[in-house]
Each structure stands twice: as structure tokens, then as C-alpha cells.
Amino acid sequence: MAAATAGGGACAQALFGRCRGSGPGLGARGWRRTMGLRRLLLRYYPPGIILEYVQDGEPKTRPIDLLDLSPDTDVIALVEEIQKGEPLITASCKEYVINLVRRLQEKLGEQEDHKFYLFKVLRAHMLPLTNVAFNKSGSRFITGSYDRTCKVWDTASGEELRTLEGHRNVVFAIAFNNPYGDKIATGSFDNTCKLWSTETGKCYYTFRGHTAEIVCLSFNLQSTLVATGSMDTTAKLWDIEKGEEVVTLRGHSAEIITLSFNTTGDRIITGSFDNTVAVWEVVTGRMLHTLIGHRGEISSAQFNWDCSLIVTGSMDKTCMLWNAMTGAHIATLTGHSDEILDVCFDYAGQRIATASADGSGRVYNAETRKCIAKLEGHGCEISKICFNPKGNRILTASSDKTARLWDAATGHCLQILEGHSDEIFSCAFNYKGDIIITGSKDNTCRIWH
């Protein structure tokens with residue numbers, strides 16, 4: 001059973017029974033009566049357990065992140081440590097939770113030697129593609145295009161399910177509201193963002209207010225807001241239930257080309273051609289920090305899973321690491337000889353990957369900030385890089401018309417995905433990590449199993 005949670009991950013399985021007791025009252029009898037654990041959900045990526053409980057009659061969830069879990073972790077000691085800080089995990093639950101964590105451990109320790117094969121070539125649009133994106137489970141994906149439409153596809157069959165029509169210019173930025181996946185947002189060069197139903201294709205709202213092209217967008221994990229970034233130098237937050245603008249984020253002096261919420265949804269970052277990244281408080285729209293240090297335009301910016309770090313990539317050939325709470329510069333990751341076009345954390349936030357116009361990728365340890373692997377072999381620039389959910393594989397998309405699969409620990413190239421006849425600018429894994437989609441300037445999208 002895949003379940004969406006406030007923890008932000010799709011869960012592998014809902015686990016019932018044996019752990020339904022109430023949490024201890026911490027000295028307050030009333031809490032014991034009003035707060036009780038209903039069930040536990042196992043989250044494989046990133047490793048964690050989601051607690052489903054009832055408080056004062058209201059169903060709630062909260063995650064226990066186990067980002068440092070490894071095959072060598074002492075599970076009993078770990079669960080005892082969890083118990084100290086989590087009143088819902090009672091003594092009667094202990095053995096059950098130990099078994100759950102061991103299942104996570106087994107999943108992390110599984111060896112894989114998955115070879116990807118071309119499943120289908122989709123001649124998706126009449127005009128060039130702009131972006132591709134999966135829903136959380138990987139059962140659906142979407143494509144945006146210069147033909148002013150977004151198409152929804154069934155991953156298993158490769159069939160087109162529906163076309164989202166209504167924009168008056170290029171559909172450039174696209175996203176599902178993962179982990180739920182029931183809504184799609186499209187950002188266009190017509191200066192508007194539209195919100196759609198995944199199942200019916202109905203347009204719920206058209207968000208108007210930007211005065212120039214929308215080039216990036218993102219939902220928060222709680223699926224209450226969508227953020228849009230524009231060439232008009234502003235970002236806007238929109239309430240997806242009411243269809244209203246919540247706040248405009250003003251402060252950049254040039255175009256905003258990347259934005260990202262943190263997992264808890266209380267912060268958002270925007271990266272701009274003014275060489276800075278801004279950290280904003282979501283509730284008020286107040287700018288908390290400006291990350292100053294890059295000497296070139298920002299290409300990419302992202303929070304790690306536990307919201308403690310921000311990574312930024314720039315046209316100045318460097319990647320920088322920042323303290324997300326204070327805005328302090330932590331480190332500059334160097335080594336590339338040309339512009340950095342994309343950066344990302346793995347799910348657990350332990351590794352950082354960079355993609356560069358110099359045709360190479362690099363992998364850094366987020367804690368030591370040391371380069372642990374170089375991804376070398378592409379003949380042209382790499383425009384997109386991403387980890388698989390498990391974090392042990394990296395996928396790159398290049399203008400050399402290929403995508404490559406790499407071992408994240410060694411940098412060894414495991415597979416070259418060939419067949420596109422033009423530059424590949426977009427690539428993605430599904431949640432299980434066993435399906436890849438690639439989008440190319442040859443107007444096709446390829447599904448690899």
C-alpha cells in the first residue's frame with residue numbers, strides 16, 4: 001500500500017496491529033487519553049517510519065527520519081534512542097519497531113544489477129519538449145512542450161491519457177503535487193500558471209499576476225501551495241484550494257530561474273540571475289537570508305531532506321553549501337572547469353551531485369565536502385543530474401544525445417542509454433528506481449525499464 005504522508009514520502013507499506021497503544025502521558029493523564037498511535041507506515045526512501053496517530057480526535061502523522069541508517073547500524077540501540085524522544089513508541093511496541101527497522105536495513109543492503117532496456121519511444125509533441133516529470137509512484141508522467149500543451153502519459157503502457165490545453169504560449173515548467181499526484185501545475189511563457197486535475201484533465205484555476213514568463217514552479221510537500229518563479233524577478237505563492245495568490249516574494253534584481261520548498265514547507269529558496277539565492281519564510285513571505293558568494297548566475301538550488309543544508313550551483317563553475325537556518329556559507333565545492341548546470345542531494349542528504357558544461361559530473365560527501373567520485377565519459381555538457389531514490393545510482397542527461405547511469409560511490413559508468421537523435425535535457429527515475437524517462441530535443445520521450 002503506497003500512502004501519502006505529511007512526512008513527504010510515499011510509503012512502501014502500511015503496517016497494522018501490535019502497536020496500537022496510547023503514548024505515555026509525559027506526566028499528563030489527559031494526553032494519554034487523547035493521543036493514541038493508530039498504525040506505523042514504513043518509508044523506504046529516504047529511510048524512515050511514519051507514525052499515524054489521533055490527537056484530540058484529529059488524525060495526524062509525523063515522520064521519524066532514519067537518514068543515517070546503514071546495514072551496520074545497531075538496530076536495538078537505535079530503537080532505544082528513538083523511544084527516548086518519541087512518546088508514541090511504547091515498550092509494547094519495541095520489538096515490532098525493531099523488526100520494521102530491520103526490514104529497512106535489508107532494503108538498503110539489497111544488491112542490484114539492474115540493466116535498463118528501451119521500452120517505448122513516444123513521439124510526444126509536434127514541437128520540442130521542455131520538461132518531463134513523474135508522479136510519486138511512477139504510474140504517470142507528464143511532458144511539457146513548445147506546442148503550448150502538457151500531456152499526461154501512462155508509464156506502464158506508454159499510452160497518452162490526456163492533453164492539457166489552454167496556455168497561449170510555451171509550457172515550460174511542469175510538476176505533479178507529489179506525493180499525492182492528483183494535481184498538475186503548468187507554468188508558461190504566457191505569464192500564467194494553471195492547476196489541473198490529473199484524472200480528468202479539468203483546469204481548476206489559472207493563476208495570473210506575473211508580468212513575464214514563468215520558468216520554474218514547485219508544490220510544497222503538504223500540497224497546499226504551488227510556487228512560481230518568473231523572468232519578472234519575482235516568485236509567487238498560490239493557495240491551490242482557494243485558487244488565490246498568497247504572497248509575492250520581491251527582492252531579487254534579476255530573473256528567478258530555480259526555486260524549491262524544504263520538506264517541512266516553512267521555507268522556500270529562490271535562485272536568480274542576480275548571482276544570489278534568497279531564503280524566504282513561507283507564512284509571511286519575508287526574506288530571511290540572502291546567500292551571497294557566487295560570482296555568476298545561479299543555475300540550481302535545493303534543500304537537503306532534513307532542511308539543514310542548501311546546495312547551490314552557479315555559472316561561476318562552483319557549487320556552494322550553506323547552513324539553511326543561518327544562511328552562513330559552509331563550503332565551496334570546486335573542480336569543474338565550466339559552468340555548473342545542475343546540482344542535487346540524494347534523498348538522505350549524504351551526497352551531492354553536480355552536472356557541468358565541461359561534460360563531467362562530480363559526487364561530493366555532504367559532511368566532509370570532499371569529492372568522492374568523478375563522472376567522466378559524456379562528450380558534451382551535462383544539463384541534468386539526479387540520484388535514484390536509494391541513492392546508489394546517478395542518472396545524467398547530456399547534449400551528446402545519451403543518458404548515462406553511474407555508480408554513485410565509485411563514479412563507474414554502468415550503462416549508456418543510446419537512441420535519441422538530439423540533445424537530452426531531462427531525465428528522471430520513478431520512486432522504485434526501476435524505470436527511467438528521458439526527454440530530448442528530437443521531440444521524443446523514451447521510457448526505459
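Here the Cβ of each residue, glycine as well, is placed from N, Cα and C on the backbone.
TrEMBL annotations:
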- 122-163: repeat 'WD' (REPEAT)
- 164-206: repeat 'WD' (REPEAT)
- 207-248: repeat 'WD' (REPEAT)
- 249-290: repeat 'WD' (REPEAT)
- 291-332: repeat 'WD' (REPEAT)
- 333-374: repeat 'WD' (REPEAT)
- 375-416: repeat 'WD' (REPEAT)
- 417-449: repeat 'WD' (REPEAT)
Per Cβ pairs under 8 Å, the stretch of 122-163, 249-290, 333-374 packing most closely against the repeat 'WD' (417-449): 122-163
Its residues classified by DSSP, the repeat 'WD' (333-374) shows 0 helix, 22 strand, 20 coil
Taken over the repeat 'WD' (164-206), the predicted model's pLDDT averages 98
Give me the DSSP three-state residue breakdown of the repeat 'WD' (291-332), ordered helix, strand, coil. 0 helix, 22 strand, 20 coil
